[in-house]
Amino acid sequence: AAPRPAARGCGSGALLGRFGVLLQALLALCAFSTLMLKRFKEPKAERRPWRIWFYDTSKQAIGALFIHFANVFLSDLTEEDPCSLYLINFILDATLGMLLIWLGVKVVSWIVQHKKYTYLVFGEYGDPPQAAAWIGQCILYLLIMVFEKTVISLVLLIPGWTKLQQILLGYIPSPQLELVLVMFVVPFIVNAIMFWVVDSLIMRKNKQKDTLDINGSTETPRARRTEESQVLLSPDMDFDQSESDQDISGLRGSNQKMKQPSYQVVI
């Protein structure tokens, strides 16, 4: 008997089919809901306003859309199973790509701070927030995504990924089940972690809280030093000094009065 041909998995164009697009829309909704959850997990004193939160998260949305459609495009370039190719791209983005994104954010942040481009520092939009600063940061973050995807694409040129495709999804009989796993289940779990971590990288960094609790009130050491300097330089010290001088002069006057001879008139 002739051997039974192996299942090809999801066919060409399945990622952009009606069912695939529905899964991608559901994935985007669920994944970005984690960013909203992260905002509500922030302390109330440090919670970002909605406008700042939108500026921060929209950069990730633009970058994630670019990576997603790049993966879909790369997955349909060959005659291999597009679902397994997409999953390999996604796994590389979540591992090696995450390291490249972190490195890119650090390098770009160092450059803009060294050049003193204040509005290009990730998370800094001015007061009041400026849309121009947000656009500039979006362009920088998108360039980081282009760098990351270029490196991942070069890594995919290394031979041997076909065996990994067979290991990952070769035993799933249903193409629709394979599509659900590739386009929703695995990306939702990994994207939720990635969005949380990257949002912490590109959001505005709060200053370190070196606070001291004095009689139930919170006071920073800098504010305390400033208050002490104001007290030391205040004119009250001159007043206290003048009072002390008056006290000393009063004591001297009383001593002199005690030393003066007393005269009695006798009639």
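The backbone N, Cα and C atoms fix where each Cβ goes, glycine too.
Range annotated as region 'Disordered' by TrEMBL, chosen from 206-236, 237-267: 237-267. Between the transmembrane segment (86-112) and the transmembrane segment (21-40), the number of CB pairs under 8 angstroms, six or more residues apart, is fewer than three, so the stretches are not in contact.
Sequence-distant contacts of the transmembrane segment (21-40), counting only residues of its own chain at least 6 positions beyond either end whose CB sits under 8 Å from a CB of the stretch, comprise 47-48, 53, 57, 60-61, 64, 68, 179-180, 183-184, 187-188, 191-192, 195-196, 199.
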